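In what follows, a single structure is set out as structure tokens and then discussed.
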Amino acid sequence: MRYVVRIPALAACLAAFLFLFLPHASFAATVTVTMGANSFSPKNITVNSGDTVTWVNSSSMAHTATADNGSFDSGTVAAGQSYGAIFNAPGIYAYYCKLHGSPGGISMAGTITVVAGATPTSGAVGAPPSASGLQAQAQALLNQIAALKQQLGYGGTSGTAITTTSGSGISTYSAACPLIGRNLSQGASGDDVSRLQQFLAQDTAVYPEAIVSGYYGSLTQTAVQRWQAKYNIVSSGTPSSTGYGVVGPRTAAAIAIICAGGSINGISATAVSPPPASVSGVVSVTPIVGDAPLTVNVTATLNTAGSCAGGLYTLDFGDGAPVQQITVPAGNCGQLSQTYPHTFRYGGSYSITLSAGVHRQSATVTVTGPAAPPPRKTTPGLPKESFKVSPTSGTTPLTVTFSGVVNSNDAGFCNGGCASVLDFGDGTSGTVDLPASVGGWLEYSITHTYTTAGGFKTTLYQGGAGVSQPKVGSATIVVSVGTPSFSAIPASGPSPLAVGFSATGLSPSGLYGINYADGTAIARFTGSAAPGTQSPWTHTYSTPGTFSAQLLSYQASTSGCQGSCASTPTVIGTVPVNVSGTPAGSAALSVYPTSGVAPVNVSFTANISPTSGTHSINFGDGSPAQTFGCATGSTCATHWQINHTYATGGTFVARLSTGSGSQVGAATVTVSGGSTNPTNPTNPPNSYPYNPPLLSGGSDSLSFNVQFDLPSSCTGYDLSWGDGTSHVVQSDGGSSCAQSIATPSLSHTYSSEGSYTIVLKRGPTLSQINDIEITTQ
């Protein structure tokens with residue numbers, strides 16, 4: 001029941017001071033309940049009204065004491081800690097452990113029966129003060145209150161409204177009423193300061209930091225000033241002149257009034273409950289004994305108090321190993337549990353400690369075995385370890401040199417020789433050898449090439465890599481996309497001229513193309529598969545003239561370039577190609593490249609006039625000649641591309657002959673090194689220099705033929721005719737395919753006239769893309 005009475009301010013202060021300083025005539029008792037592993041002992045107790053019940057956690061696990069009806073709740077009580085509450089109203093209070101029980105007396109639960117207080121017997125220990133003694137003490141306090149009357153600013157018979165609550169099962173919590181019996185100011189410390197801080201922290205507008213340290217610092221003084229101003233006690237001046245920021249008699253009396261459920265000048269206290277600790281946790285270890293090396297699982301249960309403020313915890317294994325920092329984020333109000341395996345390699349007794357601020361919880365592990373060796377002694381006077389990086393910026397591909405000195409004082413040192421990890425920051429790493437004996441030092445120099453653009457943090461560790469591992473040094477390397485380079489070799493010669501194109505300095509994820517400027521299809525590719533990355537791309541100019549070949553860049557949105565690329569490309573490089581004429585009625589043979597290291601794949605281009613009849617190329621390495629052409633009287637291509645692989649070293653003269661055996665052209669290829677088995681030439685599909693496809697017309701204006709080359713007969717391809725008909729697809733056979741060049745020829749007849757784009761994709765991942773735009777009539 002709640003009721004309000006109007007009494008003079010002097011009486012309110014007297015009530016507060018009597019509550020604080022005068023002994024009570026009743027005999028309040030304290031009853032202790034032990035929290036075991038899974039039960040309360042005793043489970044059911046009976047106490048008098050006004051008695052205190054204290055729960056002591058004697059187990060190794062955390063527990064709570066929580067009323068079934070919610071009238072009291074201890075929060076999490078860690079091992080070795082206790083919680084107490086005063087019970088005033090008679091009745092039966094059922095309670096349980098929220099972690100190991102349930103309401104209704106299930107599992108870990110108990111009851112408290114509160115009866116009306118009995119009159120103490122004459123045999124009670126410690127006789128109560130006599131009435132005359134209490135009267136004397138009260139008179140002394142009345143004299144003090146008379147002086148406080150003026151200080152508090154209450155005049156005449158004006159009163160202070162005090163709101164009081166009765167009928168509550170629990171009258172107060174120790175955290176809500178600090179019961180201060182001395183002056184407190186900045187620099188003070190003790191349990192009463194902690195109680196004051198807990199009291200102030202219940203009002204976030206007064207003490208938002210809510211730090212309970214037991215020390216009266218500047219934050220506590222500011223919080224007291226806010227509380228004094230809120231309740232119109234004092235709002236200006238200094239601690240020494242007006243008591244602003246000091247808990248003296250006036251402020252202590254006001255706190256006592258608010259604690260008793262009252263109000264001052266119509267200002268009541270904000271409803272509060274015992275504030276949870278901002279940090280709390282327990283640590284458990286399994287097993288706790290064993291022989292070295294002993295691997296244990298350390299489980300840290302954090303935020304057992306259910307605080308929403310967050311916190312930073314430290315887990316120290318007690319053997320000198322790096323500590324673990326564990327963060328509970330702000331806003332997480334539940335418990336968190338993390339388990340860390342750890343190995344104790346030597347015998348001894350180790351204290352594993354979980355801490356956060358002044359909060360500490362420990363567990364002991366006993367390991368049997370030889371003791372740890374003494375710490376390794378460092379050698380004075382050695383050259384200091386260093387880490388130098390040059391250059392720290394540039395364009396792709398950027399080669400960086402890492403150099404410096406390492407010595408035997410390095411944390412990764414071991415007798416006989418160990419190495420430290422050099423993390424390049426791009427997902428790869430290297431090693432730096434350390435001296436093999438105590439007192440030694442070494443100079444090192446390592447190079448690494450960055451092929452992609454970005455910022456990379458490189459670190460040389462002392463020993464293995466890791467966040468907690470000591471470091472020799474770190475540096476940041478900034479790599480940008482390089483300036484594109486576009487070249488053609490040879491850039492001049494008689495037709496038909498086979499030219500090898502290379503492009504470097506491209507973004508690996510970019511989409512590019514080469515316009516050969518002779519009316520043939522644009523060859524498109526990604527930067528990671530640019531010509532020149534592994535081998536040049538060959539294109540044959542069959543007619544005389546000067547051609548300005550272009551390196552094109554497409555927007556990223558056209559990646560894949562299905563059909564005709566929608567965006568207009570940007571020209572980022574040009575190179576001129578000069579092709580001279582070939583006399584009519586003759587034949588010529590050109591080759592690219594003209595030299596290489598075996599096995600080397602070359603492309604022959606045969607220009608034939610007249611265009612009828614058959615021809616053959618003898619490659620000059622003992623392999624069978626290759627015949628090509630068409631029947632006499634029919635018309636076929638004016639030039640042919642033939643690929644061949646030279647598997648052994650030597651100088652080879654390839655000869656082009658007519659069907660009657662007359663030589664009409666020759667070309668020389670120089671090959672160094674290589675295998676001695678010419679019957680198994682190899683040229684992996686990923687490095688094969690694909691030639692552009694050849695398009696020829698069929699028997700009518702709607703029929704066309706596409707011929708193209710592959711590094712093997714089972715290399716994958718996908719040909720779209722661009723008219724909605726089914727693609728012609730061959731799945732890639734993988735690395736098991738024999739690397740023997742194939743030249744498929746596919747035909748198609750369109751159903752109607754129009755413009756179409758033929759798209760050919762080749763290779764294991766179909767990354768080689770060529771487009772051919774045609775118009776039927």
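For all residues, glycine too, the Cβ spot is worked out from N, Cα and C.
Record features (TrEMBL):
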| type | residues | note |
| --- | --- | --- |
| COMPBIAS | 681-691 | compositional bias 'Pro residues' |
| DOMAIN | 482-551 | domain 'PKD' |
| DOMAIN | 585-671 | domain 'PKD' |
| DOMAIN | 711-760 | domain 'PKD' |
| REGION | 366-390 | region 'Disordered' |
| REGION | 667-691 | region 'Disordered' |
| SIGNAL | 1-28 | signal peptide |
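According to DSSP, the secondary structure content of the domain 'PKD' (585-671) in residues is 0 helix, 55 strand, 32 coil. As a summary of secondary structure, the domain 'PKD' (482-551) carries 3 helix, 37 strand, 30 coil according to DSSP. On the 0 to 100 pLDDT scale, the model's mean across the domain 'PKD' (585-671) is 79.
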